[in-house]
Amino acid sequence: MKDIIPLLSQLPQDNFFLERSLHNLGYDIIAGTDEVGRGPLAGPVIAAAVILPADCDHHLFQDSKILSHKKRVHLFQLLTEIDAFIGIGTVSEKIIDEINILQASLLAMKLAIEDLASNCSRPSFLLVDGKFKVPIDLAQVALIKGESKSASIAAASIVAKVTRDRYMQDLHSQYPQYGFNTNSGYPTKKHREAIGEFGITCYHRRSFKGVKEYVDISQEKGGRG
């Protein structure tokens, strides 16, 4: 791990520099992992872990937050076409309420890595987005704003975002009044107003501000919570 520290101090613009450097240090399978869904009032937190082929056009993969929906979907499809290895981890709103959103996010990434390992080889090194390492016995480094520093993390952020958006789109068909198809569970004005009018669903995070205030009210209304 000491050999990695110099790599982090002077990262070039190349967003596959870390992956190549780690491979040169003897880590043959490098995965990036990221999660989506820490801020919403409803729905799960979903993480992805991705191993990119060494010969792919890694510059295409950028932080999902700066890409359009159309571009994210295109890149998600591209990942399947270039035979990238992908793992998905999902932690429900119920578990989020039980263990808090930070621990749920780390758990989702752990599950994504385990899913990745079950579909292909176990990674030898992890590039993790954020400040905290994943609770799993693998060599790893946590990178703040990792999506801008690693193509593998960026690819994972795209997969997680598209996967979660599709989940919330399906949820919208059950509860159209909350606008999950456009807000993905985030606390938009329309979403907050719908909670006030209709109460909460079983998919809302009861420990979150903006939801917990309506738990008893929803029960009194006979709400879906």
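In case you wondered, yes, glycine gets a Cβ from its N, Cα and C as well.
Swiss-Prot lists ASP34, GLU35, ASP129 with the feature divalent metal cation binding site, giving sequence analysis as the kind of evidence. All chains included, 28 other C-beta atoms sit within 10 angstroms of the C-beta of GLU35 (divalent metal cation binding site).
The annotation domain 'RNase H type-2' is assigned in Swiss-Prot to 28-220 on the grounds of sequence analysis.
Cβ-based crowding with a 10 Å cutoff singles out ASP34 as the top-ranked of the binding-site residues ASP34, ASP129.
Other residues of the chain with a Cβ within 8 Å of the Cβ centroid of ASP34, GLU35, ASP129, the divalent metal cation site, are THR33, VAL36, ALA47, ALA48, SER105, MET109, VAL128, GLY130, GLY146, GLU147, ILE153, ALA156, SER157, ALA160.
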